[in-house]
Amino acid sequence: MDKLLIQGGTPLAGEVAISGAKNAALPILCASLLSAEPLQLANVPHLNDIATMLRLLAQMGVEVTLDGSEGLALDSRVLSNPQAPYDMVKTMRASILVLGPLLARCGEAKVSLPGGCAIGARPVDQHIKGLQAMGAEIRVENGYVIARGKLRGARIVTDMVTVTGTENLMMAATLADGETVIENAAREPEVVDLANCLSAMGAQISGAGSGVIRIRGVEKLHGATHSIMPDRIETGTYLCAAAATGGNVRLTRTSSAFLDVVIDKLLDAGCEIDIERDAIGIKAPARLKAVSLRTAPYPAFPTDMQAQFMAINAVADGAAVIRETIFENRFMHAVELIRLGADIRIDANNAIVTGVPRLNGATVMATDLRASASLVIAGLAAQGETLIERIYHLDRGYERIEEKLSRLGASVRRVH
Ligand SMILES: CC(=O)N[C@H]1[C@@H](OP(=O)(O)OP(=O)(O)OC[C@H]2O[C@@H](n3ccc(=O)[nH]c3=O)[C@H](O)[C@@H]2O)O[C@H](CO)[C@@H](O)[C@@H]1O
Ligand SMILES: C=C(OP(=O)(O)O)C(=O)O
């Protein structure tokens with residue numbers, strides 16, 4: 001298993017390009033299942049999750065053609081096997097996103113309950129309830145969701161804000177008979193990117209980005225071209241890496257548009273932020289100030305940035321309280337950060353982080369995707385050598401991370 005060896009203590013400096021968003025690309029790849037005509041995508045990130053999703057789609061009959069280094073064409077003319085087997089979905093939560101499209105296009109689907117980051121129970125009851133409201137017959141048997149039926153429009157109010165739940169139901173509704181209204185919908189930018197792609201395919205969608213999305217079903221969707229939005233979480237992660245090391249970094253091919261709260265917190269921490277149209281610059285002070293935060297659905301502070309801010313608070317001046325409200329088990333990075341010398345106390349869903357003047361390198365274990373990112377940030381800020389084990393989590397969501405960090409002057413090496 002690969003490990004990451006970091007020699008910390010060097011402020012990051014220079015420029016690096018941000019990749020397309022994993023959490024926008026994954027649902028959009030699934031959207032290709034809705035049409036018999038090809039979907040042409042640009043700015044697709046090179047990630048293990050994307051490779052897993054492409055393998056999953058390919059075994060259903062989707063023809064995948066690479067188009068340049070970041071382009072893909074997906075041809076779902078023939079869907080011979082509307083199934084997602086356990087072996088292919090166990091590592092990736094987003095694989096549940098094939099359920100809505102398969103059911104809408106084929107009238108049947110058999111999808112294994114998904115895996116993904118172990119950050120909480122992560123049930124899919126809202127996906128199932130929504131599809132049932134649209135007329136699907138669904139049973140869960142031997143770890144599989146088995147669904148069939150012709151979908152019709154419905155009014156759906158989800159119990160909580162769910163990102164992939166909203167995406168699954170929105171995709172299913174594009175081919176349903178009549179109008180679907182999703183209330184309490186997720187407002188995440190990735191939902192909007194998916195809606196934009198679906199609209200380019202001929203779907204009738206309004207309200208994406210608000211709490212109420214209306215979808216008028218059409219008979220079929222057609223081919224389209226779409227470019228995946230920049231990854232706001234990768235952007236935020238590099239901003240935190242620059243902040244924690246006292247660095248001066250410019251991130252290109254990205255946007256500050258979806259990062260308001262994250263940028264506000266970095267300003268509170270004492271960083272200077274320079275916003276351009278397609279780039280963000282950050283200049284960090286010698287010592288950051290501690291910043292408290294509470295995660296919540298967009299547009300509030302993203303849970304996917306919580307671990308990275310725990311790392312920067314670990315080396316900041318003062319104490320901060322981090323409250324996690326989305327996932328019940330998303331503090332697993334805390335014990336690993338403590339190995340590096342961080343002062344963190346967990347009290348239910350609060351982490352109380354008291355900054356220390358410096359962290360010291362150690363061997364640590366990555367437990368999930370963003371936890372891994374927080375360890376990388378802490379390792380970059382620490383004095384001496386940090387060895388991060390189980391970095392397969394990192395490869396799910398960060399494209400060429402060691403190469404990008406090396407470009408910023410970090411000493412980071414993958415060891416086999
Ligand atoms: C591939 C992808 O886009 N993943 C993101 C997506 O995950 P994901 O879509 O899985 O997260 P959700 O928004 O669905 O989860 C929010 C909360 O609702 C609960 N819930 C959700 C669905 C359901 O049917 N029942 C239920 O109880 C979850 O356990 C969690 O407590 O949004 C999360 C919250 O921003 C991010 O951390 C993930 O990076
Ligand atoms: C939790 C994440 O991914 P997933 O939902 O695929 O597990 C993430 O992207 O931070």
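Count begins at 1; order follows the chain as displayed.
Cβ atoms here come from the backbone N, Cα and C positions, even for glycine.
Database features, via TrEMBL:
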- Lys22, Asn23: phosphoenolpyruvate binding site (BINDING)
- Arg93, Arg122, Pro123, Val124, Asp125, Gln126, Asp304, Ile326: UDP-N-acetyl-alpha-D-glucosamine binding site (BINDING)
- Cys117: active site, proton donor (ACT_SITE)
- Cys117: 2-(S-cysteinyl)pyruvic acid O-phosphothioketal (MOD_RES)
In sequence order, those binding-site residues of Pro123, Asp125, Ile326 whose CB lies under 6 Å from ligand 2: none
Neighbourhood of ligand 1 - binding-site residues from Lys22, Asn23, Asp304 with Cβ under 6 Å: Asn23, Asp304
Surrounding CB atoms that lie within 10 Å of the CB of Val124 (UDP-N-acetyl-alpha-D-glucosamine binding site), all protein chains: 19
Spatial separation of Lys22 (phosphoenolpyruvate binding site) from Gln126 (UDP-N-acetyl-alpha-D-glucosamine binding site) - C-alpha basis, Å: 22
Conformational class of Arg122 (UDP-N-acetyl-alpha-D-glucosamine binding site) under the three-state DSSP mapping: coil
Pairwise C-alpha maximum, in angstrom, for the residues (Arg93, Arg122, Pro123, Val124, Asp125, Gln126, Asp304, Ile326) that bind UDP-N-acetyl-alpha-D-glucosamine according to the record: 22
Spatial separation of Asn23 (phosphoenolpyruvate binding site) from Pro123 (UDP-N-acetyl-alpha-D-glucosamine binding site) - C-alpha basis, Å: 18
Helix, strand or coil at Ile326 (UDP-N-acetyl-alpha-D-glucosamine binding site) [DSSP, three-state]: coil
Separation of alpha carbons, Asp125 (UDP-N-acetyl-alpha-D-glucosamine binding site) and Asn23 (phosphoenolpyruvate binding site) (Å): 20
Fewest-neighbour residue among binding-site residues, criterion Cβ within 10 Å, set Asn23, Ile326: Ile326
Between Lys22 (phosphoenolpyruvate binding site) and Asp125 (UDP-N-acetyl-alpha-D-glucosamine binding site): CA-CA distance (Å): 23
